[in-house]
């Protein structure tokens with residue numbers, strides 16, 4: 001009757017009949033062999049994707065540690081030691097990226113791009129931050145990609161990879177940072193430069209905020225040219241970039257107008273208070 005239990009279509013067949021049909025399937029048939037090959041290919045691709053996700057997570061963590069180390073540059077008595085230590089950390093990150101490049105040999109990188117994109121963005125942020133501290137300029141995507149060309153240094157890597165006996169050159173791997181990952185990494189860099197501005201003022205460095213203000217203005221102008229024509233992630237970062245620029249310009253304004261009134265050891269506290277007020281007004 002109405003509201004009663006409705007039998008599924010396959011319930012009309014006895015269980016014994018379905019079991020016989022399953023047993024009658026020939027595992028060596030062409031159809032079953034095709035499905036087994038598809039299963040193996042999908043499992044292999046899934047396992048590789050998971051390995052890349054883990055490597056990307058390690059790259060992100062080590063890149064963040066490098067950024068935290070570089071923030072000590074303004075307060076450290078010997079800045080060269082900080083830069084040398086950061087370079088060693090970035091070399092360790094590049095060894096992780098080398099493993100990613102080895103995983104992507106013979107593969108289409110864009111099929112696994114979502115797995116490695118967060119790590120590459122964080123690496124771009126760390127490298128560009130170090131590059132700015134050294135040169136007061138922005139690193140290009142070509143310079144970043146030139147550092148991501150790897151050669152087989154260990155004997156195991158050379159023996160495990162097939163190569164022509166006539167070709168004595170060791171095999172090489174490369175991984176290219178996409179333009180989108182580069183732009184997203186540069187957009188995140190602006191937040192670190194804003195923090196560098198506040199910490200430098202607290203250490204009595206009055207010139208760095210004005211340099212950062214001009215540099216961030218150039219980056220903001222470049223992102224404004226892209227506008228809504230670029231990827232969605234890039235346009236979403238534009239608001240945060242604008243906020244970082246506003247905080248640095250506000251710091252420069254305070255230095256220019258009230259710098260002589262406020263003691264140097266209190267400037268950082270004033271900037272931090274103003275930054276919190278700006279965040280509250282913007283609803284951040």
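Backbone N, Cα and C define each Cβ position, glycine as well.
According to TrEMBL, the feature region 'Disordered' maps to residues 1-26, out of the candidate ranges 1-26, 27-52. Once Cβ contacts within 10 Å are tallied over all protein chains shown, the binding-site residues 125, 192 are led by 125.
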